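A short worksheet on the structure shown next.
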Amino acid sequence: METDALLSTTPSQQPTPTPKKRNRRVKMSLSGRSTRSSQALLDDYDDKSDHEFDEAGHDMYEGYDDYTPTADAGDASSARPLIPPLTGSNGGESENSLPQYYESIPSTATGADDSLGGPVTQVNGKFDDAYKQFGAIDPRQNVPYYQYMGVQRTHSFPGDLYSDARFSRFEIEEALRERNGTSILDWLHAKGNGDNLFEILSDKNTDTSVDHEKKIKAQHLESYDYDFFESRVNMQHDHEQTEEAIRSLNISRWFMTFLIGVATALVACFVETMTKTLSSFRTSTMESYVRREKEGELPFGFGFMVYAGISIGFVSIASYCVAILCPVAGGSGIPEIKATLNGIKIHRVVRLKTLFCKAFGILFSVAGGLPVGKEGPMIHSGAVIGAGLSQGKSSSFGVDTSWTKFKGFRNDKEKRDFISCGAAAGVAAAFGAPIGGVLFALEEGASFWHQNLTWRTFFCAMVSAFVLNFFISFMESDSETELNSHVFLGKLGTQTGTFSFGPFFGNKSYDVLDVTVFILMGAVGGLFGAMFNHFNTKLTQFRNRMITSRWVKFGEALFVALSMASVSFWLSYQFGECRKLSGPYSDSLIVLYCPDGQYNDLASLFTVSYSTSIKQLLHFTGDDSFSARSLVIFFSVFYVFACWTYGIAVPSGLFVPSLLAGAAYGRIFVMVLHWYEFPVGAPDGMFALIGAACMLGGMARMTISLTVMILECTGVIEWGLPIMVSLMAARWVGNSFNEGLYDIHIHLKRLPFLEFDPPFYSRFLRVENIMSTPPVCVGQIARAGEVYDMLKGCTHGGFPVVIPRRESEEEDDVVPKKKPRFVGVINRRHLCVLLQRKDFFIEKPTPFTRKPASDTTLLYNDQYALSYRDIESNYPRYPTIHEIKLDEDERDLWMDLTPYMNPTPHTVQDQTPVPRAFRLFRSLGLRHLIVLNRRNEVRGMITRKDLTPRHLKTCLESLSETEKQRIQGYFNRGRSGSESFRDVERTLLNIVDNS
């Protein structure tokens with residue numbers, strides 16, 4: 001290929017550039033509106049397909065239409081400042097020495113950063129056209145065009161967005177001009193401004209998929225770095241810690257764990273109290289107006305209008321918290337917490353604002369009658385509390401407790417462990433199950449675990465359960481506890497969490513034959529769970545495509561609330577049966593339009609709080625409690641609405657909806673057994689409990705933690721074996737069809753979650769097949785302007801540090817010169833801090849001569865590097881390159897990176913099998929993994945996005961024919977029926993075309 005031939009030549013051998021044909025220009029008015037027709041504008045932009053854009057969003061080739069190559073074509077002094085291609089810039093080496101660092105450039109490459117999007121092809125038709133028009137040498141930088149663009153373009157570069165065929169460049173730029181007059185890259189770099197490009201374009205392109213939006217968001221996600229960064233500055237700070245200081249920090253760590261447990265319990269107590277109050281207000285108000293209807297004081301249907309109005313009002317508050325104020329507060333939050341503990345840094349997921357929106361939103365969404373639970377959001381709230389309290393810092397409220405001992409917790413590893421403690425405390429507060437909370441954090445949450453964390457999570461969960469029990473005990477009524485009416489604050493044992501199954505009395509035994517029935521129930525529950533996950537996945541994908549505007553999301557939540565209120569009220573009126581019953585929980589039964597002394601069985605399930613509905617299904621005995629028709633209607637409607645609700649713009653949990661639907665399923669199941677006179681030894685409440693566990697296990701695929709949580713909630717240890725076997729059956733059957741709902745939503749959010757084991761097909765790949773190339777390197781001694789331009793030109797989170805080979809190491813002219821030698825790695829945030837603090841030298845410094853300053857250093861000079869406090873005081877919000885400005889005089893100053901780089905990072909050889917690199921990256925919680933060859937030269941970098949299953953499969957399919965023959969068994973694997981059908985269809989079409 002001509003492009004490849006140009007790439008393989010040296011600058012002196014490259015052909016003379018040919019004159020560039022003038023492109024037609026789009027004449028824009030001051031308002032950004034076109035003075036010509038839209039079609040003509042689109043045609044003009046299509047003709048400019050060979051153009052790229054710089055960091056300001058401008059056309060890179062603006063002003064080069066009449067360019068004719070000359071002897072001094074490399075002079076670009078009159079052009080717009082552009083990004084120099086820094087790869088291995090080291091000391092006095094010139095920028096134009098870049099080509100000798102790379103012996104050959106591959107035909108495609110990806111940026112070597114920790115952006116989490118998919119691979120971006122960097123050589124295509126546009127690049128080839130520009131190559132032919134400009135020639136091999138870029139007129140502004142005097143370097144090969146591809147090498148310039150290989151450094152310039154990154155995963156988050158707007159060219160990737162422009163390349164989407166669903167809308168043109170003109171539509172994107174025009175939409176941005178209409179919004180706020182900013183360029184595309186300014187929008188991409190904006191943080192938290194709420195702008196949504198896809199909302200702007202949705203009116204023009206209804207098929208503008210939010211999958212693309214999520215891809216753009218995923219590209220801007222970063223990874224946590226759970227590995228200790230062993231720079232000289234960090235090492236000196238670590239060595240200065242005395243034994244007494246370490247002991248004091250450990251005591252502070254346990255005290256902080258105690259505070260997290262207490263704070264989580266207080267938030268749970270507030271949510272539980274307010275939810276009960278608001279739910280009782282909604283139900284009692286509806287009943288009072290219905291009673292007045294029956295007495296003839298109000299027209300028929302007025303009670304429903306009040307009931308629906310209150311539901312919509314409550315849900316509007318919950319949806320406003322999510323759709324308008326804080327979108328990340330939507331849903332249960334468990335997928336986001338799992339991803340955070342896996343090492344993915346999601347913007348705003350553990351912010352204090354998120355906690356407020358989550359807590360207030362969930363109490364109004366539950367009180368509004370939506371089929372949601374508050375248990376999942378409580379887990380998210382506990383994680384936010386764990387992250388927030390441990391950092392002792394809030395940018396929203398201007399709080400900073402750096403003067404306390406807690407400043408030692410300001411790093412990714414400590415933050416991760418406190419989030420795990422908070423998640424366990426959230427489970428303990430929700431279910432009153434501290435052991436279940438620890439197991440949940442271990443089974444579903446944390447990707448990194450150690451023995452000390454086990455004790456800390458248990459301690460935090462224990463404190464949370466105790467404190468919540470202490471404050472909530474006096475709110476339990478006599479009808480539920482069968483205690484005397486004087487229950488004082490602090491009397492423990494009445495209710496251990498915000499959710500309770502209620503006490504079980506009477507017969508608790510079961511027959512051996514019942515175990516087979518429980519296994520069958522588990523299998524059916526797994527089927528229901530798999531169906532729920534499948535339809536919710538399709539519904540979420542539809543929402544991502546069609547419901548993109550925040551106000552449309554807000555309207556959807558109100559529509560769901562109105563639908564749920566209407567269906568539950570009128571179905572209860574039409575199909576509910578009036579029954580007499582006296583017993584536990586009778587004061588929570590709803591009369592509706594039934595005569596006095598009777599209750600409406602369907603309304604008693606629909607219109608009360610769902611925690612009360614579960615207790616009714618578990619503890620009402622006999623088939624006369626609820627009619628079969630009411631149970632089938634309730635199960636069907638609640639199952640459908642729970643699937644519809646999970647994913648709308650409100651905080652919503654999965655636990656209570658699945659438990660309630662499962663309890664109804666269990667009652668229906670045992671009712672069928674009674675009809676056919678099947679010998680059953682277990683009580684009806686046990687079948688309802690098994691059904692609830694199976695439904696939740698079939699959706700979430702939890703086994704160990706869910707079993708322990710149910711046993712802790714019920715206190716009936718005798719039912720442990722049936723719960724275990726039914727959950728195992730539900731998990732096995734469900735996994736035969738799809739993943740758990742939390743894992744599905746992680747994938748739908750395009751979060752690059754790394755499982756414990758690599759995909760099986762990764763064993764066919766080597767690191768060189770998946771790494772990001774070419775790497776952007778920096779010299780250990782570099783000019784400030786070069787470092788500044790490098791950071792402006794890419795979004796990479798880490799950079800290999802290299803030094804040029806000594807003359808004695810160079811080969812003769814027969815063998816190509818070697819690339820620079822790898823000596824370490826430095827993070828982007830550290831370079832930004834150095835630029836912000838002007839850590840510069842007038843004369844070129846000698847590396848490894850400065851010692852880091854301590855926290856008590858008063859006078860800084862060239863003998864001292866910045867201290868640990870100077871570098872890490874901004875955690876977690878370090879200065880960005882867009883906040884830093886350099887004067888022209890400062891650009892020529894020198895920077896010594898040796899005190900701040902990690903000279904001993906984790907590295908792998910380019911021939912390393914991918915499974916080994918995956919285990920190294922995953923188990924150590926790395927952010928970057930450097931790929932070297934045998935000569936200690938940087939070949940590429942491995943980041944999180946390079947190890948995702950999607951990327952690995954793409955790399956596997958793109959192997960050369962020779963490499964495919966080596967793994968022929970994989971490519972000749974059995975094909976599915978749909979694949980075979982497509983092959984037959986394709987063959988028939990070819991026959992028709994040929995004829």
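Yeah, the Cβs are placed from backbone N, Cα and C, and that goes for glycine too.
Feature annotation from TrEMBL assigns compositional bias 'Polar residues' to 31-40 (among others).
TrEMBL lists 48-61 with the feature compositional bias 'Basic and acidic residues'.
Residues or ranges marked as compositional bias 'Polar residues' by TrEMBL: 92-110 (among others).
According to TrEMBL, the domain 'CBS' annotation covers 901-958. Model confidence over the domain 'CBS' (901-958) is summarised by a mean pLDDT of 93.
According to TrEMBL, the feature region 'Disordered' maps to 1-117.
Positions annotated as transmembrane segment by TrEMBL: 254-274 (among others). Through the fold, the transmembrane segment (254-274) approaches residues 355, 359, 362-363, 367, 374, 378, 381-382, 385-386, 389-390, 406, 409, 418, 421-422, 425-426, 428-430, 456, 459-468, 471-472, 475, 497-498 of its own chain, all at least 6 residues removed from its boundaries and within a Cβ separation under 8 Å.
Residues of the same chain lying 6 or more positions beyond the ends of the transmembrane segment (304-328) and with a Cβ under 8 Å from any Cβ of it are 278, 281-282, 285-286, 289, 336, 346-349, 351, 353-354, 357-358, 360-362, 364-365, 367-370, 550-551, 553-554, 557-558, 560-562, 564-566, 569-570, 607, 648-651. Positions annotated as transmembrane segment by TrEMBL: 304-328 (among others).
Tertiary neighbourhood of the transmembrane segment (418-441): same-chain residues 256-257, 260-261, 264-265, 267-268, 337, 340-341, 350, 374-375, 378-387, 389-390, 409, 453-454, 456-458, 460-465, 468-469, 495-500, 655, 702, 704-706, 708-709, 712-713, selected by CB-CB distance under 8 Å and a gap of 6+ residues from either end. Summarising the annotation, TrEMBL assigns transmembrane segment to 418-441 (among others).
Annotation source TrEMBL lists transmembrane segment at 453-475 (among others).
Same-chain residues lying 6 or more positions outside the transmembrane segment (512-533) and placing a CB less than 8 Å from one of its CB atoms are 639, 642-643, 658, 661-662, 665-666, 669, 673, 678-682, 687, 690-691, 693-701, 721-722, 725-734, 736-741, 744. For 512-533 (among others), the entry in TrEMBL reads transmembrane segment.
With a cut-off of 8 Å between Cβ atoms, the residues of this chain six or more beyond the transmembrane segment (554-573) that come close are 304, 307-308, 311-312, 314-316, 318-320, 323-324, 368-371, 543, 547, 590, 592-593, 600, 602-603, 606-607, 633, 637, 641, 644-645, 648-650. Annotation comment: TrEMBL describes 554-573 (among others) as transmembrane segment.
The feature transmembrane segment is assigned by TrEMBL to 626-647 (among others).
Look at TrEMBL and you will find 654-673 (among others) tagged as transmembrane segment.
Under the heading transmembrane segment, TrEMBL lists 685-704 (among others).
Sequence annotations record features per position, and here TrEMBL assigns transmembrane segment to 716-734 (among others).
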DSSP helix/strand/coil residue counts for the domain 'CBS' (901-958): 24 helix, 14 strand, 20 coil
Using a Cβ cut-off of under 8 Å, list the residues of the same chain at least 6 residues beyond the transmembrane segment (654-673) that approach it. 332, 334, 371-376, 430, 499, 517, 521, 524-525, 528-529, 532, 605, 610-611, 613-614, 617-618, 623, 626, 628, 631-632, 634-635, 638-639, 642, 645-646, 680, 684, 687-696, 699-700, 741
Which residues of the chain, 6 or more past the ends of the transmembrane segment (716-734), have a CB below 8 A from one of its CBs? 504, 508-510, 514-515, 518-523, 525-527, 529-530, 533, 682, 686, 689-690, 693-695, 697-699, 701-703, 706-707, 710, 740
